[in-house]
Amino acid sequence: MQGNLSNVSNDILDADAEFDGKIVFLVFVLLLILATVVGNGFVFMAVYTFRELRTVTNYFIVALAAADVAVALLAMPVWLVRSLVHVEREQDNYVMALCTQWIDPFCCTASIVNATLVSIDRYCAISKPLRYRTMVTPLRAKRSIAVVWGFAVAIAGVSFLQFHESYTVIEGYVIFLFVTLFCIPLITMSFAYISICRAAIHQISKMHSTRLSSTSYDQDRRQSFERRKRFFRELKITKMLAVIVSLFIICWSPFLVVTLIEAFTTEEIPLAVQGVIVFLPYVLSCANPWIYTGMNRDFRLAFKNFFCTSKILCLKRSRERSANERMLRPLPSTTVDETFISNGLRQGSNSIRKVSSRGPEITTV
């Protein structure tokens, strides 16, 4: 009897501990979703509000931020539901199948390919600075972004088509995803940033040599100064994007490698390891906008100007509200006003009597 009671009490304690863990997990994921949406929302707001940020490079950054918002609003809730609600057979649940086999690949593909597009844009800006404005026009940038999102929809559609009642992981499809979403982007980003570093070193050495042996006119010097200024500004942006891409590789590579391993082996990966591997890309989506503000001077100034303007508007509105309240405040009672007026009249009449009793003043010369 005591043994049964102890088993029941242990089960209750385990259930309570599991419930507390789910509550903590739920709160943490909700905060992560909120931080991701708010951070990327600031990126949208900054580019929309300040005309100086409406550059071709920032078009690609906005597209990457949109992919991060899709991760927060689509992929994270699906992951949260799958973690909290145990489903015996996802094949028997059409909604869960749709969420698992379409939303995750869609968000994953959009984030990865947009990051790759950012690296290609930086490669063109640094390696071919004179031809960049003619090569990467706003129209071409918008078309490239549209192609990327269309490709993400296509990849997600193919992923969902393989789902049926006797669902098994298709090894060829997993290999295709691994090559398309990891190998090709990794090679492209590595080539782009290695080429950028080589071009940067060459440009810096060239500027140094021309500065030492320069005998040109002031106009040429001003043009050279503007080119150097533009180059170093592009180089700072490239440093920021290099950090983003490096974190992207660190966060996404474990997930894709584990997916490839699961397709060819029957060994089960521990749930804790799976949770960390799935969790890393979501943290990256939350970190991206804060990297923009921390390493990009233009975004940093835009945020400061926006919040300062918001504070000024809030102070102005509060002052106008207080002034309106003072104007609408009820006047004192009429009895007080009548008493005050009668006292004033009485004092005025007394002073008049005093002046009249003295008579007119005569001045002698």
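Note that Cβ sites are derived from N, Cα and C of the backbone, with glycine treated the same way.
Keep in mind the model is a prediction, meaning the values are calculated, not measured.
Going by TrEMBL, these are the annotated features:
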- 39-292: domain 'G-protein coupled receptors family 1 profile' (DOMAIN)
- 23-47: transmembrane segment (TRANSMEM)
- 59-82: transmembrane segment (TRANSMEM)
- 102-124: transmembrane segment (TRANSMEM)
- 145-163: transmembrane segment (TRANSMEM)
- 175-201: transmembrane segment (TRANSMEM)
- 237-257: transmembrane segment (TRANSMEM)
- 269-291: transmembrane segment (TRANSMEM)
Can you tell me which recorded stretch out of 23-47, 59-82, 102-124, 237-257, 269-291 has the most Cβ pairs within less than 8 Å of the transmembrane segment (175-201)? 102-124
Best-packed against the transmembrane segment (102-124), counting Cβ pairs under 8 Å over 23-47, 59-82, 237-257, is stretch 59-82
Within the same chain, where does the transmembrane segment (23-47) have neighbours whose Cβ lies under 8 angstroms from its own Cβ atoms, ignoring anything closer than 6 residues to its ends? I mean 6 or more beyond. 53-54, 58, 61-62, 65-66, 68-69, 71-73, 76-77, 79-80, 83-84, 282-283, 285-286, 288-290, 292-293, 299, 302-303, 306
